[in-house]
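As recorded in TrEMBL, the features of this protein are as follows:
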type	residues	note
BINDING	Asn106, His111, Glu116	oxalate binding site
DISULFID	Cys30-Cys47	disulfide bond
DOMAIN	61-212	domain 'Cupin type-1'
SIGNAL	1-20	signal peptide
Amino acid sequence: MKCLPISFLILALATATAFAYDPSPLQDICVATNDLNSGVFVNGKFCKDPNQATADDFLFKGFRIPGNTSNPLGSKVTPAFVDQFPGLNTLGISMARIDFAPGGLNPPHTHPRGTEVLVVVEGTLLVGFVTSNQLNNTLFTKVLYKGDVFVFPIGLIHFQLNIGNTYALAFAGLSSQNPGLITIANAVFGAKPPISADVLTKAFQVDKKVVDYLQAQFWYDNN
């Protein structure tokens, strides 16, 4: 069998990479709508007729009010993804506001479809992400102060903890209109139906009583 030209292989790799994220839009705007009669379906959403779009479709007011941090985690994430902000449809970006009470935690989680860049507006945060098994699950962590920016690569587990004695606020930008969210503890111990205790006891090398205890907890979602 003949070997493929190297130029063909490079092109194939580049093409695969290009389609690894949200596809580029082929029109100026595609405001998401729940009207199934619109006839155009792009990136998981139907598009409003562009001639019926208004400036309000491209405005999100959800960041004006601080999130309620009176919960077990002491944090609140206010997402501005395509479900909350229809004007983002096909644009490949989104944002989130994250409010932290003193000691508040945005627990270890991952965004399977988006890289996250975080800027601290108030307070002091301990942040970090863990690489994949290929890189020996290395932890990259820093303490961030007002004005600092940190990036969490796509798909990697990461967290933010307010280590200050005052309220903290951060904003995140993500490289997908719908980056997805998997909170690790919720997914592992709060799955419905529950993951077999036999699986978890062996995976975590703990007694079944520990697994039973963890699965019995209420795993709060701060989104």
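Each residue, glycine too, has its Cβ placed from N, Cα and C.
Bear in mind that TrEMBL entries carry predicted annotations, made automatically and left uncurated.
Taking the centre of the Cβ atoms of Asn106, His111, Glu116 as the oxalate site, the nearby residues of that chain (Cβ within 8 Å, site residues left out) are Ala96, His109, Thr110, Leu118, Phe152, His158, Gln160, Ala172, Leu174, Pro179, Leu181. Other Cβ atoms within 10 Å of the Cβ of Glu116 (oxalate binding site), summed over all protein chains shown, number 25.
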